[in-house]
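Undergrad: Here it is: the structure, laid out below.
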Amino acid sequence: MASPGEPNRTAEDESQAAARRIERLSLHLTPIPLDDSQGVEMETCAAGKAKAKIEVDMGSLSLYMRGKHREIQERVFEYFNSRPELQTPVGISMADHRELCMKQLVGLVREAGIRPFRFVNEDPAKYFAIMEAVGSVDVSLAIKMGVQFSLWGGSVINLGTKKHRDRFFDGIDNVDYPGCFAMTELHHGSNVQGLQTTATFDPITDEFIINTPNDGAIKWWIGNAAVHGKFATVFAKLVLPTHDSRKTADMGVHAFIVPIRDLKSHKTLPGIEIHDCGHKVGLNGVDNGALRFRSVRIPRDNLLNRFGEVSRDGKYKSSLPSINKRFAATLGELVGGRVGLAYSSASVLKIASTIAIRYSLLRQQFGPPKQPEVSILDYQSQQHKLMPMLASTYAFHFSTMQLVEKYAQMKKTHDEELVGDVHALSAGLKAYVTSYTAKSLSTCREACGGHGYAVVNRFGTLRNDHDIFQTFEGDNTVLLQQVAAYLLKQYQEKFQGGTLAVTWNYLRESMNTYLSQPNPVTARWESADHLRDPKFQLDAFQYRTSRLLQSVAVRLRKHTKNLGSFGAWNRCLNHLLTLAESHIESVILAQFIESVQRCPNANTQATLKLVCDLYALDRIWNDIGTYRNVDYVAPNKAKAIHKLTEYLCFQVRNIAQELVDAFDLPDHVTRAPIAMKSNAYSQYTQYIGF
């Protein structure tokens, strides 16, 4: 009964009050893990609200973020800092940029003594650490390095055998043999099995004849082809003669080493036509070209024969029984490119967020009457733009580091389950991280106003150079479909009692949770302790993925009856893409939480917990409609999530300087006047001649 003078309480009020009491009781019984009070001193501001003042242990945070290979990164930084003539100037022409990029790569290898190719298979984490460092010098250089060592070099050592490694390793390693990776054609990119270039075996001369049958089969966008390449790994359909002289046998797409220029004179070899693809939106330090082959003959030994070979008498032999299995094995060995792009994209985001946040702390505009102007990062709108992005940068750092570790383990063990896991994870992270970074680069530019528009402050160059990350090594939309297909396969395994791969284990439990109704009591819990509980956050992410998976499986089954499997997939395509993105966000959050829990320093753990909470709640709020539609979150809880997200943005703003400093990027690496650690405006004015 309500006491006299109190308004009548509704049944909903009673229900909410009961829910809060149950929540408080459960929190007493089950303490929230990862209490982030370590290193957080509470003080009371004028309004009487608690305001957290966090003292960040910079040494510990920076050390935890560094990874194992900071030493070799510093060697890269020191080399280019000592050679200012190798720094890429603003406004450089395409021709000069290409030559400079080649000089940078040769200097790195021959002068600095850093040999990335030796780590491609032996220590992939070290290789990607070098790539991150050179990418901060010039993204074109990182891509040039990737073409030379990961694509051209990687195809030789991963698709070839000992005879190929013995013949080509040293020349690739010291850049005496600059090479190309000739897969994409004018008419076919994502559909590699649709490539039209042919490699026909001639048993009389013991040679393959490489031929471009039509304009659609011209190799297109081939890095290193326009100017510097001397060899190309050409992907072509292997065609063998049969007993019937009028017929041939198509054995599927294989890889062949094709010399394209003379080693001494550098002249284009007979039968090969090379053209320059010209100016691009970005990455103009990379010489992309187009290749046409007119019945070019190469020795039989130039077939990269790890997964299939042709004998002297034209017989085909492979340990893999079908074209599809050989094709999958071939492409599977090239997954490192996607791993590298996800990792590199996160590195680009570190540079951009560092520049934007340092400038936002420096820049002052407006303020209370008769008081000093305030930093633009003190405005809630600026915090809303940049703080969730900073949290995502940290999340991507840990998730891509884990991907690199898994990839390295896969290269050592060749464990079949791990191979499948890395393929799907690299596809999803590459697609998700590069798409997010592309949008964020524009946000950073806008957040820095007019000064963000100056080329010298790098946003334009970074945005243009990074833009293609969404397309090469697999179009992002296509890659997300691969993730969705893998999820549906795991879903089928779950209901058939099979074993799920490690990354997908959560589906077993969360699918069971999804198939029951959301708990009406927990749907109303709104305390900060509950919302910042990693279990609530991860459960919410995984519930959403399971809900999307279950519903799209039902839709596909329904539409397949009338449209067939291809038509049904296309009808549900947007749903499938949302499912894939949801799964990748779950993977990213799970790894972020694990990285926080694994941190040995209590102060740093508290700092990272704050950033992780912002990442999780911002993502939940970003898709709050989904949670509301199924009553996973009640209206009062949705409002609490929004309020807490805004507060966490404010909290992260208070340590934003320390968080970007922990990326440990020296001024000569960020190279943006507005982001200098000291005297930024002075250096900016000096740059234009004052």
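Backbone N, Cα and C atoms are what each Cβ position is placed from, and that goes for glycine too.
Okay, so Swiss-Prot annotates it like this:
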{"type": "BINDING", "residues": "C448, G449, G450, H451, G452, Y453", "note": "FAD binding site"}
{"type": "TRANSIT", "residues": "1-45", "note": "transit peptide"}
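For each feature listed, report its degree of burial, its nearest neighbours and the pertinent distances within the displayed model.
TA: Long-range C-beta contacts of G450 (FAD binding site), restricted to its own chain and to partners at least six residues apart, with a cutoff below 8 Å, are absent.
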Undergrad: Test of understanding: give the count of other CB atoms lying within 10 angstroms of the CB of H451 (FAD binding site).
TA: 18
Undergrad: Tell me which residues of the chain lie with their Cβ under 8 angstroms from that of Y453 (FAD binding site), as long as they are six or more apart in sequence?
TA: R445, F459, G460
Undergrad: Quick check: with C448, G449, G450, H451, G452, Y453 left out, which same-chain residues have Cβ atoms within 8 Å of the centroid of the FAD site Cβ atoms?
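TA: Leaving out the recorded residues gives R445, A454, N457, I674.
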Undergrad: Determine the Cβ neighbour count for G449 (FAD binding site): the number of other Cβ atoms within 10 Å of its Cβ.
TA: 14
